[in-house]
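*Asks:* After the structure tokens below, expect a handful of questions from me.
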Amino acid sequence: DTTAGPDTTSAPQPTTPTGLCGFIRRQPLPEDNLNALNFTLSNFTVERWCAREPEFKQFLAQSVSDRCFGNGSCGVESGIPEVFIFPGFPVVNSPLLVRFYVRLQVNSSVSVVLERTVLTSILDRVLENLTAEFGVQFSVDGGFTEWSPFGPCSTSCGPGIQVRFRNCTNPPPINNGSDCVGPRNETRPCNNGSCPIDGNFTQWEIWSGCSVTCGKGVQRRFRSCTKPPPSNGGQDCIGDRLETRECLKPPCPVDGNFTEWGAWSKCSQTCENGTQVRFRSCTNPPPAFGGRDCMGPTNETRACNDGPCPGRLYPHGLLANDNLLPNRDAFSNFCGRINLFNQEIPFFIRRHRRVYICRNGMLKFRRSAIIRYPQRFPGPRNEDFLFRFRNSYIIAPYWLTISDDAFEQPINTSKVFYRIYSKFSRRDRDVLDRANHDVRRFQTSVPQFEAQWVLVVTWLQLYPPTFPGVRLSNSFQVVLITDGQHTFSLFNYPENGIQWSTPTGRLFPNLYPPGSGLPVAGYNAGDRNLPFFNLPNSGTVNIQNIDQMMGNTNLTGVWFFRLEMNSILSLAGKKCNEWSRQRTSRISPTLPPCPCLFGQATLDKRYFVDYNQTVSKRGNGTICAYSLPSGSRRWVQQCCYTDLPSGGKVLSSSPPESGGPYLIALPGSPVISDADGHEFCCSSSQCSLYYRLRPPRSCFGYTLRRRGLIFGDPHFTTLDNTTYTFNGLGEYTIVAIDDEAFEMQARTARTSGRGLGTAFSAAVAKERGTATVEARINQKAGDLEVLIAGKPFNISTITTTGTNIPDGNITLVRDSNGSITALFPSNIAFTFTDVEGTLAIAFEAPDDFKNRTKGLLGTWNDDPSDDFVTPDGTLVPADAAPRRIHYEFGLKWQINASQSLFTYSDLESPSTFVDLSYIPMFIDNITWVNDSFRYEAVKACGNNTQCLFDAAVTEDTSYGINTKKLEDNNNEINKELANFPPKILGPKVINATIGQAIEVKITAEHNSSDFFVFTVNNLPDVIILANTSRYLLIRWTPTSLQKVEPVFIVTDSHNSSSELRPLILLCPCANGSRCIDDEEVSNQRNKGFSFLLLSCTCPAGLTGQYCQHKIDACVENNQPCFPGVKCTDVSSSSNGTRYQCDPCPKGYSGNGSICEDIDECSDANVSKCDHSCINLPGSYVCDCNQGFSLEGDGTSCKDINECLISNDCMQNCTNLPGGRTCSCLDGFQIDPKDQTACVPISRCDTFKVGCQQVCVMDRGQPKCACHKGYSLNADGRTCDDINECTTHRHKCSQICHNLDGSYTCSCQPGFNLSPDQTTCEDIDECGLINEAHCEGSLEICINTMGSFRCECQDGFHRVNDTCQESLPSTNGPTGTTGIVASSVSIALTIKDADLHEWQARLSRMFMDAVAKVVVDYCKGNANGNCYGNAVIAKRYTRSISGTSLVARVHILNDFPETRDANLLVAFYVMLSTNQGEVYVMNKDSLLRALQESQTELSWAIKKEISEIRALKVDDESPTPYETREDGLEMIWLLVGVSVAVAVPLMIVIVILYREYRRIAKQRRKTNNFDLRQWSGARERTIYSGFTNSKSARL
């Protein structure tokens, strides 16, 4: 067995005696035995082995060493291999057996055994060599490894086997060694217990019976896991043990069940007994197949918001500290002006600073004149096709014509109260909170709204013009709320606050058609294409119900509107106002004046120049400088400089570019900064507000600043500009001001080079009340150090805008070149700069310190001769030699320890920096190290002595060049600081008038210049009258309205310039009109405009923006005459108005402008009525007592024979004056329960006699009779029903329904049955509370008998079911394309006519005549082609016959035109049918109709009409708008055009209304009104349900 390993017992035991070879064998350790190897030698004797054993050991040790330490595979980095033979070996067998191991001697005390695997590997590589070396084959037989553990059992259950293994690798056979002998694996039996048995299902059982007897049920069947069941851990069956299937039986009854309650609805009221409703339904499930219904209610109601409502009105009156609009007569013609001062109100795209409160129920923002007679917004069009109120900014909660006399009554006086509430007043908090609450709940888009101010205006007890005859009054309120960005208004109408809309109160409402001066409620934005709004029923009688109507707030009598559009503009205005109200916006403390020149600002150390406009932005070319803050104050002076046309910059002193006091904003502060305040105010027309709080500052008071400099090896430039050199070594007083307790000291140190010069290495300064500021060069690090109060300061924290040192009461500033300046409270500046390791020091002070300085910078008094004064007052001459200046002046200012301000280390004092042996080089005796360096220095310095001196002392020409640069720079600085611009003198405002010459003189002043050059730029049409060295005189004649911005520039002999940019106020007014600086001009001025066109106040008879047109004074004065009274433009009138009103209509008294109704009923001689008299506006009507009718003369009353009309007596009827009486036949008497019925006096047995209804004893004989409502038949016994409806025995005004023995009455749609149960009364749909039928602000609801219609207000017509201004382009149902007005228009000429006549009378006559001709033509030509392009049409073609037709005439824009002495008129016609169709009339048909009726048309207008033709291109107007829409409809539509015409028509209407009110009409109602408010260009109301409503609208 040749194995080697841990099983030592298997190795052959030694058979040779110990020490066979005579060697002493080392006793092996256990680890040696584990790692030993055996090898065999064939044909090798013991003796031979013994002889060569040492050689073997040496060979093997060398092999181990070579292979082990070469690749580090032995586990140690180094060692000495030693081969050991086991004791008793070799064993004498055949072959010879040797056992050995190898140890590695790591050091003297440590050896380790070589692992067997490593030894085997080595031996495998060297055996062949070993064989060759010893001449005999060395072989290693293979050896088994240990047995591995037995593996797992071969089966998981039941009997199995386990296997274990060993390998012949311990070692493997080497060099033909023998393989291992023996098995390589062993097995043994194993058993893991019984095997599991998986379960299996049985067969399914049969299905069970159905689980229910009705409806849907289930059947079931089962199976089990028992074939076989699972055992010994076997798996259970996989699958269902139960199966179900649906089975159907007859349906079962299903009882209904409620769903869950739905959510509660929105509360019906925001306060005071609101309700909420929630619902559920019986659908969970619904009852079915005979099941029971749900038991219980389907809805529930609960109370909500049961708290009391605040009154509809905000606090008002004297108890609310309101102001009372004075009752003076002036306020009957003018509105009271309320100035808002610093506040503004955004109103759509404009902002206003004043509000006009008018006693007749409106607020205005421009012009104080009262508009007496209301008209719906936007008002009618004028002759220029412009709406009347296009320039009127109006809020009208209830604009009406009132009695001015009621303001003078001692009791029940009309009053107008007003008050402004401010956010900044504690007393106003309650009203502000209420306003904020209202805005947030009615306008949810601004949940954080905070009002800045609120205006509350309350009108109380306004009476109609018929006061005191009519004592009904109106009270209402408007609330304006704004935060500066958003504006809202509330219209509040208290309960029973609105009692009248007509002069007759609530009597005879039908006498007042829409538009006849009735109250208007809404608003008008005042600019073309901006919103206007009319409340429902505005301008109609039914506006009087506004206090009972639900407003758009869901509250009765409360309406809410948003009144602005431009949020960006408004936001700026809001922020400007917020800024102005901050406490930080208060007037600033005294601040320094601005430097006069931009160069001074850049050099004055007290100012920071914001080149990049990082602080506050101005216009292009403008740069601002800021004074540095002092101490803890945040106020600084802002100075802004604008570009000059000729180059350079000049101080701006006019908005919006100018500066002013400026408050530095605190980081994170919520307040608005001054920079933002300027931007907000000047972008929202409020620049003046900003500059009122931040007034611009000129350079007046800016004084000369003088700069002294010490630099180089040291050279001094005194404050009187004397330059000398003093290179002492030590510490010296540079400048001292005793009364200000200011002193600056400096320290010198030797310069490099020859050691003959010094330079400043440190400086220190202090003022009374401040810390010391010390600067020094760190000699080790070579950089600049700063100490404040003796402590190092981090200079990286010093900024260019100034770093305040609160504890030191100083400000430090870093320049862009690295210089650091210390600013003291006295405005003294101390600047130090590191120049290549030396300090350059500058002292700068205002000229307040003249005659107060001493020290090495001399005495500042502008006299260089006395600069060298010693501390004891000795004067050294200014021309003294440098040596004398050094010893007799400079060294005298050396300081000692008691005087020093410096900071020293423990071993330092002033004497530390003094060397008594030091003798400097003097500047008058410069010596050079050699000529070549001298030549180099002269080349670099030129003749600059200071430069040459410093180069010679330091042996460095760059040092000298730096000295030269510092000196030159200081000279330039002093020159710039001393340079002041000329003062230009001229007008700041130039008032000019177009076409008129004006002369302007410009002069200048300067204290050191007597020569000036004047120029003027940007001024056309200018004539230079004189241009001398002292003044400029020009003449300017403005010839156009082109903007000019002149700039006057004056330049002095020092090339300094100033400019004057006057504000140009140009008056463009023509025809002697007057220019005014109104709100519009003020807004432009506030924006900083430098050229403004003034507004014009036109004298009577002129109009236009510049009063360039003559106008009708009637138009100018808002049609001042009483409605229906003709207004005539006259050159003059007795009252100076330039218009004249015709006399008041019959029935009125007054001056034609104000007409009061005459009560004819008060004088029986006038009215002559038989019975009673009813007074009407302008007239009266007689009325008769019941039972009488009015005769044709209108005054007499005639008895009505009731027995002939609707006789309701059962038997006999007798007519009486004013009535009738019923009586009975013999045997009957009047029924006490019914005075028209008869009952038997004596009854008999009806059964015996055989009577069907009644048996009566007549003269002792029984007779049959009938009840009321029946008639006795011919058989004398039976009764038949009398049909009262066919026999005219009923009193129904409309529909009669016969009943058995009686009848009932009913009404057609649109009527209600009156309490008498017979009469039908018309429903006024337009007056129904909270039920509007016409949509939008442009429609007016017109009540008709039994129905209503919706009409577009004047100036609009219906297109595509909406009211629009102009002819539409549509793609209607018929597929028509867009319509151009000119393509369907006719032109004709009216001879000998002008525009005045057209406006006064011809327009109405002409359009009425054309409308009549068109209707007659189309009716008479039923099959003709009248209908052209469809605007609103059916899908089929139909005939006109049997159709009501309305024609409307539309005049094109810019027509009529005046041509010679004639008028050219262009127009088209629109046709409306009662079928809801709207057409543009066919042009050919229109032309034919007019040509056939040319004579009729001429007769109708009393002017000759000629040249009727289709509109040609040459005739066309540039824009296809129409000017009006009038038509010939039913005659009553014309009522209200003129009071004079209207009065008799009103009387007829009253009579007809009373006589024929039973006539019914079928009505078609539109959908409910849905209030919409737009903020777009023009309100466009959108309709729904057109198919159901078009007939009613037309």
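Using N, Cα and C of the backbone, Cβ positions are placed for all residues, glycine too.
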*Asks:* Looking at Swiss-Prot, which one of CYS180, CYS237, CYS247 makes a disulfide with CYS210?
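*Replies:* If we follow Swiss-Prot, the cysteine bonded to CYS210 turns out to be CYS247.
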*Asks:* Identify the disulfide partner of CYS1155 as annotated in Swiss-Prot; candidates are CYS1141, CYS1144.
*Replies:* CYS1144
*Asks:* From the list CYS282, CYS304, which cysteine is recorded by Swiss-Prot as disulfide-linked to CYS294?
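*Replies:* Of the candidates CYS282, CYS304, the one Swiss-Prot pairs with CYS294 is CYS282.
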*Asks:* Check Swiss-Prot and name the cysteine among CYS168, CYS195 that pairs with CYS180 in a disulfide.
*Replies:* CYS168
*Asks:* Including all protein chains shown, what's the count of other C-beta atoms within 10 A of the C-beta of CYS168 (disulfide bond)?
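*Replies:* By my count, 19.
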*Asks:* Helix, strand or coil at CYS1127 (disulfide bond), per DSSP?
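*Replies:* Where CYS1127 (disulfide bond) sits, the three-state DSSP reduction gives strand.
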*Asks:* Going by Cα-Cα distance, pick out whichever of the disulfide-bonded residues CYS153, CYS168, CYS214, CYS1067 is nearest to CYS195 (disulfide bond).
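*Replies:* If we rank CYS153, CYS168, CYS214, CYS1067 by Cα distance to CYS195 (disulfide bond), first place goes to CYS153.
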*Asks:* Which one is it, among the disulfide-bonded residues CYS157, CYS282, CYS1069, CYS1127, CYS1161, that lies nearest to CYS1155 (disulfide bond) by Cα separation?
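*Replies:* Going through CYS157, CYS282, CYS1069, CYS1127, CYS1161 one by one, the closest to CYS1155 (disulfide bond) is CYS1127.
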*Asks:* Restricting to the domain 'EGF-like 2' (1110-1156), report the mean pLDDT as a whole number.
*Replies:* 78
*Asks:* Could you check the disulfide-bonded residues CYS282, CYS1141 and say which one's CB has the most other CB atoms within 10 Å?
*Replies:* CYS1141
*Asks:* Quick one: which of these disulfide-bonded residues, CYS252, CYS282, CYS1067, CYS1075, CYS1173, have their CA within 10 A of CYS1096 (disulfide bond)?
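*Replies:* Near CYS1096 (disulfide bond), where near means Cα within 10 Å, the disulfide-bonded residues are CYS1067, CYS1075.
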*Asks:* Could you work out which of the disulfide-bonded residues (CYS180, CYS190, CYS1067, CYS1114, CYS1144) has its C-beta surrounded by the smallest number of other C-beta atoms within 10 A?
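*Replies:* Minimum Cβ neighbour count within 10 Å, taken over the disulfide-bonded residues CYS180, CYS190, CYS1067, CYS1114, CYS1144, occurs at CYS190.
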*Asks:* Counting every protein chain present, what is the number of Cβ atoms, excluding its own, within 10 Å of the Cβ of CYS1161 (disulfide bond)?
*Replies:* 17
*Asks:* Considering Cα atoms only, can you say which of CYS190, CYS282, CYS1075, CYS1141 is the nearest neighbour of CYS1169 (disulfide bond) among these disulfide-bonded residues?
*Replies:* CYS1141
*Asks:* Going by DSSP assignments with H, G and I as helix and E and B as strand, what are the residue counts for the domain 'TSP type-1 3' (255-310)?
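*Replies:* Counting residues per DSSP class in the domain 'TSP type-1 3' (255-310), I get 0 helix, 13 strand, 43 coil.
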*Asks:* Measuring C-alpha to C-alpha, could you say which of the disulfide-bonded residues CYS153, CYS180, CYS214, CYS1121 are within 10 Å of CYS1144 (disulfide bond)?
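*Replies:* Correct set: CYS1121.
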*Asks:* Which three-state DSSP class does CYS1069 (disulfide bond) fall into?
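*Replies:* It is coil.
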*Asks:* Please work out the number of neighbouring Cβ atoms within 10 Å of the Cβ of CYS1096 (disulfide bond), leaving out its own Cβ.
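*Replies:* That number is 23.
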*Asks:* Below 8 Å Cβ to Cβ and six or more residues apart, same chain only. Which residues does that give for CYS157 (disulfide bond)?
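*Replies:* Long-range Cβ contacts: ASN192, GLY193, SER194, CYS195, PRO196, ASN232.
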